[in-house]
């Protein structure tokens, strides 16, 4: 198992720690139609977001290694002389941006800041289905959540499984539910 933590794994961990565990163990969920659609529209959607945000320039599909984080940012937009990561989601923008989306954006902020050696305070999430953009600012509580998730994922990558905490609303349509159903349930405190 690699000790490099991808921002997508952070998003997954905060949504469901067990799903992140299975992914880290080498059992990723097979691509869904939505995942495939997201890959197909990514470049076009990133270009639309760059234009809408008035980016001076944009770099697409930028791979960054900034231990313990690594991954590919959909785009790095240069706005007012500063780099900002852009994450493209195929879905419509939700009424409230989920915390796991914000934490993924925060991870991209940390990666871009380290890779470019410039202060980065903002990331953007482009929701392609609705054509809306969410601006995510790095705040102290978001940084603390990112640090917590990275710490827990490092433990998972070293072989320590998370505590199972079933959520019927999430588990009902989860591809991994067949593996979790036999595990004992307890509540993990953050």
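Numbering starts at 1 and runs along the chain as it is shown here.
Just so you know, glycine gets a Cβ as well, placed from its N, Cα and C.
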Candidates 74, 141, the one Swiss-Prot lists with 87, 88 as binding Mn(2+): 74
Non-site residues, in chain order, whose CB comes within 8 A of the mean position of the CB atoms of 74, 87, 88 at Mn(2+): 42, 45, 46, 49, 73, 75, 86, 89, 125, 126
Intrachain C-beta neighbours of residue 16 ([4Fe-4S] cluster binding site), sequence separation six or more, cut-off 8 angstroms: 167, 170, 174, 176
Other same-chain residues whose Cβ falls within 8 Å of the Cβ centroid of 16, 171, 174, 180, the recorded [4Fe-4S] cluster site, in sequence order: 18, 19, 166, 167, 170, 176, 177
Tertiary neighbours of residue 180 ([4Fe-4S] cluster binding site) (same chain, Cβ under 8 Å, six or more apart): 18, 164, 166, 171, 174
